[in-house]
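Enquirer: The transit peptide annotation in Swiss-Prot covers 1-54. Summarising the annotation, Swiss-Prot assigns domain 'Thioredoxin' to 66-213. Annotation comment: Swiss-Prot describes 108 as active site, cysteine sulfenic acid (-SOH) intermediate, evidence class similarity to another entry. According to Swiss-Prot, the disulfide bond annotation covers 108-113.
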């Protein structure tokens, strides 16, 4: 029987050496862009990089800390006029608290204008509407003026309240979440609605719930 002999550099030695993935590889960059762009309602500018978070960070963003039937953590934040406002101010009436990614982005503008167009329905239901994002008060003021928003916008710079409420991020943790809460007169959460890509549906769902309270 004929035999085949391999040269000294056998097949395994011809294959590239693969380095094992270490803990330092948990966050792998998947997007880098030097110029400004927008993606699903979020602004990216000047060397913005997105990364896939580690399994532990994903777990923390998926499981919310505030659940239906609970009273959420209170807050005191500045509104678009620079005045401080606390959640306790709304005790005794229903309140819609919606977290959104950023002012002046396509999805967030649609959502804000949809709340504006239905604002009288919310007032008729006896409810207040409050929007929260990480933008500063001056950004909120310009945003509210441009689109004639009749409700309060609060500045959560550093996203402290977003984290305390456990608002989940989207797209592997790279996008701030778009989540709406409806609190009843006692300050207890009766609805949590999350929909990043259909911002107008937040209005339909919250009105439906308010009409049943």
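Any Cβ shown, glycine's included, is placed from N, Cα and C.
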Enquirer: Name, in the order they occur in the sequence, the residues of the same chain whose CB lies under 8 A from the CB of residue 113 (disulfide bond) and which sit 6 or more residues away.
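Expert: 147, 149 - these are the non-local Cβ neighbours of residue 113 (disulfide bond), listed in sequence order.
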Enquirer: What count of other C-beta atoms do you get within 10 angstroms of the C-beta of the residue listed as 'active site, cysteine sulfenic acid (-SOH) intermediate', across all chains shown?
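Expert: There are 23 of them.
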